[in-house]
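As recorded in TrEMBL, the features of this protein are as follows:
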{"type": "COMPBIAS", "residues": "192-206", "note": "compositional bias 'Basic and acidic residues'"}
{"type": "COMPBIAS", "residues": "207-220", "note": "compositional bias 'Polar residues'"}
{"type": "DOMAIN", "residues": "15-81", "note": "domain 'HMA'"}
{"type": "DOMAIN", "residues": "114-180", "note": "domain 'HMA'"}
{"type": "DOMAIN", "residues": "227-293", "note": "domain 'HMA'"}
{"type": "DOMAIN", "residues": "302-368", "note": "domain 'HMA'"}
{"type": "REGION", "residues": "192-223", "note": "region 'Disordered'"}
{"type": "TRANSMEM", "residues": "393-415", "note": "transmembrane segment"}
{"type": "TRANSMEM", "residues": "435-453", "note": "transmembrane segment"}
{"type": "TRANSMEM", "residues": "469-492", "note": "transmembrane segment"}
């Protein structure tokens with residue numbers, strides 16, 4: 001309803017009016033209304049109270065009118081309901097009450113400071129803590145905030161006149177973290193208690209359209225099962241887009257509430273599965289002009305697609321599947337060696353995607369979560385990088401490994417016509433064959449086999465083994481043994497050179513690198 005008061009100001013009669021405003025969701029809406037209405041001719045004073053869903057205005061009736069204010073606010077996208085009891089209200093309001101007192105008239109005055117304890121899920125490091133504390137520090141009405149990474153909580157001291165616990169929680173949620181209000185002033189927080197406190201803070205405060213419509217859709221439904229789904233909503237640019245989606249969803253039968261995080265481009269919807277499905281809600285928002293996609297739906301496990309690098313054989317697949325299935329909350333796990341991908345079903349209430357990725361990484365592999373937008377692009381880039389890597393390894397191995405095999409074949413043919421003494425020695429204990437083979441095998445061992453050494457080290461550092469460990473161990477033993485026996489023969493000044501295996505690393509690495517290169521070329525076409 002509108003509350004009027006006529007007062008004298010420097011000989012000019014002004015009118016003070018209280019106008020209910022529905023649809024405000026944050027302090028940005030408040031500042032937008034105050035700044036826009038203040039530019040109207042005849043407006044002397046403007047104050048908008050988010051907690052009351054109302055605005056107080058002082059204006060010159062000869063220049064402006066309450067209908068002009070009301071029409072201006074409605075043009076901004078907010079609802080300004082008209083009450084039929086305006087005439088009665090004018091009579092009930094004494095003329096001698098100062099305007100400032102009218103603006104501050106909020107029934108029983110709330111405490112100047114309150115404290116809210118919020119559970120914050122999703123923080124991983126001190127950077128997350130600093131981000132949340134920095135964002136809360138900039139919010140009007142927030143006095144002090146302390147975020148604990150170890151307890152996953154945020155303790156915020158705020159002014160109830162300027163901001164509500166729900167707005168603080170929504171601000172943290174907008175940063176990409178899951179939140180839950182635990183208590184306010186050491187009292188357990190419930191939505192019912194919050195609504196009562198808001199109703200008691202003003203003179204017949206009306207609920208926003210989204211709340212009233214939600215009640216019409218059946219918020220209190222003792223027999224209906226309530227589910228929750230998370231949607232990815234693209235195309236939102238400002239608070240007006242958020243308000244448009246909220247108003248649209250409030251009209252959908254079966255939708256109880258929707259909380260939208262503008263920065264995270266996500267929406268959490270509470271709905272009745274018996275009346276509407278999560279996919280239908282997403283399709284409805286898409287038709288509104290904001291492309292939406294279902295991320296998760298409560299009651300059903302969430303799917304996680306991983307790109308897993310470093311797998312070489314079926315043993316790697318079996319190792320990953322066993323480790324992931326041991327995690328509490330994981331329903332199923334399927335890993336495909338040919339595509340280097342894993343598909344995991346898990347309960348998001350028990351375990352998160354980050355924990356699953358960390359478990360795979362601890363085994364010595366590189367796991368990356370794939371989203372619907374980046375899945376195709378990341379696959380192409382990953383395969384392109386792998387193709388480039390293994391092509392380089394193959395070419396290095398071939399450049400030195402090819403001549404190495406030719407030298408080996410030549411001296412094997414010469415052994416039929418010459419004795420070991422005849423073919424020795426360049427230096428005592430060092431034959432020309434071992435000299436050439438050693439020089440050619442060295443770059444293949446350390447440059448062509450570099451990627452095998454990297455993967456083998458990762459596997460061994462996590463207490464596991466794979467095909468890369470086997471290849472690295474085989475080539476290293478062959479090379480080290482051959483080098484050792486040649487050095488020993490030279491030290492002992494032998495007249496013959498010992499049998500060596502310098503040819504083993506080049507031959508093995510050339511063919512394995514070729515296989516890996518062709519494998520990734522084939523994968524890039526899938």
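Glycine residues also receive a Cβ, built from the backbone N, Cα and C atoms like all the rest.
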Contacting positions for the transmembrane segment (435-453) when only residues 6+ beyond its ends and CB under 8 Å are counted: 389-390, 393-394, 396-397, 400-401, 403-404, 407-408, 426, 468, 471-472, 475-476, 479, 482-483, 486, 500, 502-503, 505-506, 509-510, 512-513
Per-state residue totals over the domain 'HMA' (114-180) - DSSP helix, strand, coil: 22 helix, 24 strand, 21 coil
Residues of the parent chain within Cβ reach of the transmembrane segment (393-415), under 8 Å, 6 or more residues beyond its termini: 423, 433, 436-437, 440-441, 443-444, 447-451, 502-503, 506-507, 509-510, 513-514, 516-517
Secondary structure composition of the domain 'HMA' (15-81) [DSSP: H/G/I, E/B, coil]: 21 helix, 21 strand, 25 coil
